[in-house]
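Trainee: Submitted below is the structure of interest, expressed as structure tokens.
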Protein chains: 2
Amino acid sequence: MTREADFIARLRAIATHPAARGLADDAAVLPLSGEIVLTHDMLVEGVHFLPTDPPGDVAWKLVAVNLSDLAAKGAAPIGALMGYGFTGDPGWDAAFAEGLARALTTFGLPLLGGDTVAMPATAPRTLGLTAIGQAPASGAPSRAGARPGDRLWVTGSVGDAGIGLAIARGVANGPAALLERYRRPVPRLGLGAALAPLAHAMADMSDGLLIDAARMAAASDVAIEIALEAIPLSPALRATAGDGREARIAAASAGDDYELLIAAPIEAQEAIRAAAEQAGLPISPVGTFTAGAGIRLNDRGEPLPLPARLGFEHDG
Amino acid sequence: MTREADFIARLRAIATHPAARGLADDAAVLPLSGEIVLTHDMLVEGVHFLPTDPPGDVAWKLVAVNLSDLAAKGAAPIGALMGYGFTGDPGWDAAFAEGLARALTTFGLPLLGGDTVAMPATAPRTLGLTAIGQAPASGAPSRAGARPGDRLWVTGSVGDAGIGLAIARGVANGPAALLERYRRPVPRLGLGAALAPLAHAMADMSDGLLIDAARMAAASDVAIEIALEAIPLSPALRATAGDGREARIAAASAGDDYELLIAAPIEAQEAIRAAAEQAGLPISPVGTFTAGAGIRLNDRGEPLPLPARLGFEHDG
């Protein structure tokens with residue numbers, strides 16, 4: 001059995017859903033109805049993950065970043081198609097397949113199809129995943145629906161993955177929990193589904209709180225004012241980087257957290273807090289949308305200059 | 001405007017379908033109902049296309065190879081998501097975007113979303129497309145439904161793209177029509193939809209007639225016997241390579257033709273010919289399925305040894 005055939009046999013063992021047709025057909029075929037959410041995100045070695053990241057964690061991340069897009073639309077996962085480039089390391093491929101099986105099982109996401117291709121041995125590992133989900137009955141909230149007076153909420157904690165990346169690169173020390181946040185982000189599927197009916201706008205936070213909030217404001221044709229002191233930091237981050245202004249600005253402009261940003265009217269406040277409590281996750285109001293354009297940053301009422309870099313802009 | 005921003009602006013100008021949400025949201029959102037067909041194929045420079053292939057033709061091929069999978073299931077295109085890796089050549093990117101717009105317009109395929117990522121400058125260009133289609137009311141035929149006694153049909157002509165690839169590589173001379181078959185394959189969408197209700201099994205022919213016919217037979221748990229003399233060769237191929245046994249075997253084991261293979265009972269013969277006539281394409285019976293396993297090759301009744309290489313096996 002060639003190494004490719006071995007990998008494909010592993011994928012076939014994962015792809016037991018009837019719509020996958022045993023990965024032996026030209027395409028997946030499945031019944032769908034209603035509003036469907038579709039996303040496709042790629043991961044490239046050296047750009048989105050480090051050559052030293054464990055292959056199983058890369059598989060997890062490939063699944064998680066796509067499911068995070070579904071979570072941001074309040075959608076329930078239906079299935080996925082994967083594009084996988086072989087780069088001549090059967091051990092890596094096998095460990096990836098194991099991690100993929102674990103991630104798909106964790107999130108109940110059937111593998112329905114895709115493509116495996118040979119790549120030149122010098123090419124960076126390149127992966128793509130298309131995730132398909134069912135929009136909530138209330139409709140998939142857009143990124144563009146924030147209105148003046150809406151509050152901006154963020155789930156979980158901010159900045160952990162940024163320090164996790166520094167730990168993975170060997171340029172910082174810190175607890176394993178922060179490394180884990182970088183390597184194995186958890187898409188907020190349940191909470192996303194609960195928040196969607198309450199939100200004017202939703203998006204996931206992949207490139208940084210400041211940049212993703214600014215994008216939501218720009219798409220919605222409004223301005224956003226962020227309260228630095230309200231940004232939720234985890235105990236692990238505070239123990240590592242402290243809780244000063246510098247640490248907070250770094251957290252607010254770091255990527256890879258995959259939390260959700262939600263724009264919602266003040267009246268939704270109690271329902272939002274109740275949804276988060278039920279999901280067992282913190283949720284924090286971190287800003288206010290106003291008429292106008294652009295992003296402003298305050299610290300306990302004091303206007304601050306924006307950092308030169310609002311977040312990660314690797315790919316527009 | 002950065003080169004990435006320029007490319008994304010071009011994609012936004014293409015992605016006018018409301019489900020694309022201006023490519024400014026986390027995901028595409030669209031209403032679907034019934035049996036949906038989903039496929040994802042990647043193209044890698046140096047593996048699936050040549051560095052010298054014109055970028056607009058690479059875009060065409062990315063769209064066409066995915067639509068060919070839909071055609072093989074009799075499906076009507078609904079939309080596509082693209083994954084695109086920037087490799088630092090804005091001229092190439094711009095020409096690709098122009099070719100993409102042309103291909104999508106030609107096939108009426110809305111661009112609904114996807115991802116653009118930075119790649120290291122040394123990486124081969126890597127592209128992925130997910131195509132979504134509506135299965136025919138009669139259901140999407142599987143690759144695995146051929147039965148003993150069924151005839152194997154092939155649309156169009158066989159082997160043109162193989163010579164076209166040799167022309168593109170500069171190792172053969174021949175008419176532009178053959179190069180065009182390699183660079184700009186035409187998915188058989190209309191004919192695929194017309195044949196689906198008549199077929200026991202359907203697949204597209206991307207890796208070669210012999211290998212793809214053998215795969216259909218293996219998936220269906222039957223044997224296939226191919227009549228070499230019945231394989232349809234184009235006038236351009238015959239003028240270039242002749243019509244001898246060697247040329248026919250080369251044509252039958254060459255890839256990239258993107259014609260359709262159809263297994264159907266003898267009684268469907270007239271309806272199949274009528275569908276092909278209406279589509280303005282030739283269709284030819286080239287073999288017979290029998291009980292058993294494997295592939296056999298005859299030339300006017302004389303059994304031939306199989307060629308060492310049945311087709312293209314780049315990626316399992």
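The backbone N, Cα and C atoms fix where each Cβ goes, and this holds for glycine too.
Here's the feature list from TrEMBL:
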- B:25-134: domain 'PurM-like N-terminal' (DOMAIN)
- B:Asp26, B:Asp69, B:Asp204: Mg(2+) 3 binding site (BINDING)
- B:Asp26, B:Thr39, B:Asp69: Mg(2+) 4 binding site (BINDING)
- B:Asp41, B:Asp115: Mg(2+) 1 binding site (BINDING)
- B:Asp41, B:Asp69: Mg(2+) 2 binding site (BINDING)
- B:His48, B:Asp256, B:Phe312: substrate binding site (BINDING)
- B:Gly114, B:Asp115, B:Arg143, B:Ser206: ATP binding site (BINDING)
- B:147-297: domain 'PurM-like C-terminal' (DOMAIN)
- B:Asp207: Mg(2+) 5 binding site (BINDING)
Trainee: Inside 10 Å of the Cβ of B:Asp204 (Mg(2+) 3 binding site), count up the other Cβ atoms and send me the figure.
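Mentor: Excluding its own Cβ, B:Asp204 (Mg(2+) 3 binding site) sees 28 Cβ atoms within 10 Å.
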Trainee: Checking the contact step here: among the binding-site residues B:Asp26, B:His48, B:Asp69, B:Asp115, which have a Cα within 10 Å of the Cα of B:Asp207 (Mg(2+) 5 binding site)?
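Mentor: Passing the 10 Å Cα cut: none.
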Trainee: Using DSSP, what is the helix/strand/coil residue split across the domain 'PurM-like N-terminal' (B:25-134)?
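Mentor: Its residues divide into 36 helix, 47 strand, 27 coil.
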Trainee: Near B:Asp41 (Mg(2+) 1 binding site), which of the binding-site residues B:Asp69, B:Gly114, B:Phe312 can be found within 10 Å, Cα to Cα?
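Mentor: Qualifying among B:Asp69, B:Gly114, B:Phe312: B:Asp69.
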Trainee: For B:Thr39 (Mg(2+) 4 binding site), which of the binding-site residues B:His48, B:Asp69, B:Phe312 has the nearest Cα in space?
Mentor: B:Asp69
Trainee: Between B:Asp256 (substrate binding site) and B:Asp115 (Mg(2+) 1 binding site), find the distance joining the two CA atoms and give it rounded to the nearest Å.
Mentor: 26
Trainee: B:Asp204 (Mg(2+) 3 binding site): which of the binding-site residues B:Gly114, B:Asp115, B:Phe312 is the nearest Cα neighbour?
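Mentor: If we rank B:Gly114, B:Asp115, B:Phe312 by Cα distance to B:Asp204 (Mg(2+) 3 binding site), first place goes to B:Phe312.
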Trainee: Quick one: of B:Asp41, B:Asp69, B:Asp204, B:Asp256, which binding-site residues have a CB closer than 8 A to some CB in chain A?
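Mentor: From B:Asp41, B:Asp69, B:Asp204, B:Asp256, the ones near chain A are B:Asp41, B:Asp69, B:Asp204.
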Trainee: Given a 10 Å Cβ-Cβ cut-off, pick out the one of the binding-site residues B:Asp26, B:Asp256 that has the most other Cβ atoms nearby.
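Mentor: By the 10 Å Cβ neighbour count, B:Asp26 comes out on top.
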Trainee: According to DSSP, collapsed to three classes, what secondary structure does B:Arg143 (ATP binding site) have?
Mentor: coil
Trainee: Considering every residue in the domain 'PurM-like C-terminal' (B:147-297), what is the mean pLDDT value?
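Mentor: Here the mean pLDDT over the domain 'PurM-like C-terminal' (B:147-297) amounts to 97.
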Trainee: Using C-alpha positions only, work out which of the binding-site residues B:Asp26, B:Asp115, B:Arg143 is nearest to B:His48 (substrate binding site).
Mentor: B:Asp115
Trainee: For a quick check of understanding: among the binding-site residues B:Asp41, B:Asp115, B:Asp207, which residue's Cβ has the most other Cβ atoms within 10 Å?
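Mentor: It comes out as B:Asp41.
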Trainee: By a simple count of other Cβ atoms within 10 Å, which of B:Thr39, B:Ser206, the binding-site residues in the record, is least packed?
Mentor: B:Ser206
Trainee: Within 10 angstroms of the C-beta of B:Asp69 (Mg(2+) 3 binding site), what count of other C-beta atoms is obtained when all protein chains are considered?
Mentor: 28
Trainee: Are there any residues in the same chain, six or more apart in sequence, whose C-beta is under 8 angstroms from the C-beta of B:Gly114 (ATP binding site), and if so which?
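Mentor: Non-local contacts for B:Gly114 (ATP binding site): B:Leu23, B:Ala80, B:Leu81, B:Met82, B:Gly83, B:Tyr84, B:Thr130.
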Trainee: Closest of the binding-site residues to B:Phe312 (substrate binding site), Cα to Cα, picking from B:Asp26, B:Asp115, B:Arg143?
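Mentor: Going through B:Asp26, B:Asp115, B:Arg143 one by one, the Cα closest to that of B:Phe312 (substrate binding site) is B:Arg143.
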